[in-house]
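Pulled from Swiss-Prot:
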{"type": "BINDING", "residues": "Tyr31, Cys78, Asn83, Asp114, His115, Ser141, Phe142", "note": "S-adenosyl-L-homocysteine binding site"}
{"type": "BINDING", "residues": "Tyr37, Gln38, His162, Trp163, Ala241, His245, Gln273, Gln316", "note": "loganate binding site"}
{"type": "BINDING", "residues": "Asn180, Asp267, Phe269, Asn270", "note": "Mg(2+) binding site"}
Amino acid sequence: MVATIDSIEMPALPTAVEAHPMKGGDDSHSYSQNSCYQKGVIDAAKAVIVEAVNEKLDLENNPIFDPIKPFRIADFGCSTGPNTFHAMQNIVESVETKYKSLQKTPEFHVFFNDHVNNDFNVLFRSLPPNREFFAAGVPGSFYTRVFPKNSIHFAHCSYALHWLSKVPKEIQDKNSLAYNKGRIHYTGTEKHVVKAYFGQFQRDFEGFLKARAQEIVVGGLMVIQIPGLPSGEVLFSRTGAGLLHFLLGTSLMELVNKGIINEESVDSFNLPQYHPSVEDLEMVIEMNDCFTIERVGTLPHPMKNLPFDVQRTSLQVRAIMECILTEHFGENILDPLFEIYTKNLQENFHVFDKEIRKDADLYLVLKRKGN
């Protein structure tokens, strides 16, 4: 049975959704200056968006997509730019081209969504002056509703859904089989830890889909890009991202050995991230039953063919992790930590150049089912 808007039971609003925005501002350590890999994902996804609009977006004689009314687009997990602007322009251009083939031209309204402590000031200061859309910011967790029912025609989410709403409680419980002592992630850990992370991802992704099912119009599209695994047979520990997480943990332990932080603070720190396989994603979408999977696959990323760059990688990881690390350990550890981290990256250069090829930038094209 196809789920209807009114039959979808929304998950309860989380009592404590963790928010870990990317490093704000526009200095040398900011996310806006250190997100070229993420831009590569968006550039690679442009062809996917063009094809999805051309083949899957039914505009002709469809009152849901009346060109007299604005065509509304939402970017969930927009961060601080400029990548979100590239993604939104790709969508606007694709939809506009299709409307023009029907001799129609709507106005476009783009909504930029992220947590309330995202640096929206930097985002809106850098809005393209010649943009072809009206812009608005929408603060709030995308794991819950942030828009009215049937209000969004095209949803987009890039490199955001691997961030969990919270760390799985089992891995912080000393009496649990999943207690993750001495590690900051599920890289190379026991199966109980991996299971706890996947369980949290499953709950979060289901909440995301339920919320979007209420907000997206029937026939509306959603394109998702997420770092993940090409299949369930590939271990996260055998990927470049897995090695990045592992070395961040070992770098923190070096600070413990130097007496800069204590071991208990590392034991109580875990990264709220899960990198899913295609099978993980398909399972949750099919259980949700509100969207059809129009396309799923792996994006070709141009940087995968470049030599591993230690300094650039260290800066990118710092831009992503600085806020969550500062919140737990304080900002005084950042410089010594990333000095050690850069050294560890250099020492493992040969491993990265091989393992990073096993990472997968996954994409999904989903279409909202009819009631």
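Each residue, glycine too, has its Cβ placed from N, Cα and C.
Keep in mind the model is a prediction, meaning the values are calculated, not measured.
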Completion exercise
Record-listed loganate binders Tyr37, Gln38, His162, Trp163, Ala241, His245, Gln273, Gln316 have a maximum CA to CA distance, in Å, of 18
Exercise for the section: Do me a favour and check the Cα-Cα span between Gln273 (loganate binding site) and Asn180 (Mg(2+) binding site); whole Å is fine. Expected result: 14
Practice task
Spatially speaking, which of the binding-site residues Cys78, Phe142, Asp267, Phe269, Asn270 is closest to His245 (loganate binding site)? Use C-alpha to C-alpha, please.
Solution key: Asn270
Exercise for the section: For the recorded Mg(2+) site, enumerate neighbouring residues of the same chain (Cβ within 8 Å of the Cβ centroid of Asn180, Asp267, Phe269, Asn270, site residues themselves excluded), in sequence order. Expected result: Val167, Ile171, Gln172, Lys181, Gly182, Arg183, Ile184, Val266, Ser268
Handout entry: Integer Cα-Cα distance in angstrom, Gln316 (loganate binding site) to Cys78 (S-adenosyl-L-homocysteine binding site)
Key = 17
Practice task
Select one residue from Cys78, Ala241: among these binding-site residues, choose the one with the most other Cβ atoms within 10 Å of its Cβ.
Solution key: Cys78
Exercise for the section: Compare the Cα of Tyr37 (loganate binding site) against each of the binding-site residues Cys78, His115, Phe142, Asn270 and report the nearest. Expected result: Cys78
Problem - Residue, out of the binding-site residues Asp114, Asp267, whose Cβ gathers the largest set of other Cβ atoms within 10 Å - result: Asp114
Practice task
May I ask for the distance between Cys78 (S-adenosyl-L-homocysteine binding site) and Asn270 (Mg(2+) binding site), taken between their Cα atoms and rounded to an integer number of Å?
Solution key: 24
Handout entry: binding-site residues (His162, His245), the one with most neighbouring Cβ atoms at 10 Å
Key = His245
Practice task
Could you tally the C-beta atoms, other than its own, that fall within 10 angstroms of the C-beta of Gln38 (loganate binding site)?
Solution key: 24
Problem - Of Gln38, Trp163, Asn180, Asp267, Phe269, i.e. the binding-site residues, those within 10 Å of Asn83 (S-adenosyl-L-homocysteine binding site) when Cα atoms are compared - result: Gln38
Fill in the blank from the handout: CA pair Trp163 (loganate binding site) / Phe269 (Mg(2+) binding site), Å rounded to integer, equals 15
Problem - Intrachain C-beta neighbours of Asn270 (Mg(2+) binding site), sequence separation six or more, cut-off 8 angstroms - result: Val167, Ile171, Gln172, Asn180, Arg183, Ile184, His185
Fill in the blank from the handout: Looking only at the binding-site residues Ser141, Phe142, Asp267, Phe269, Ala241 (loganate binding site) has its closest CA neighbour at Phe269
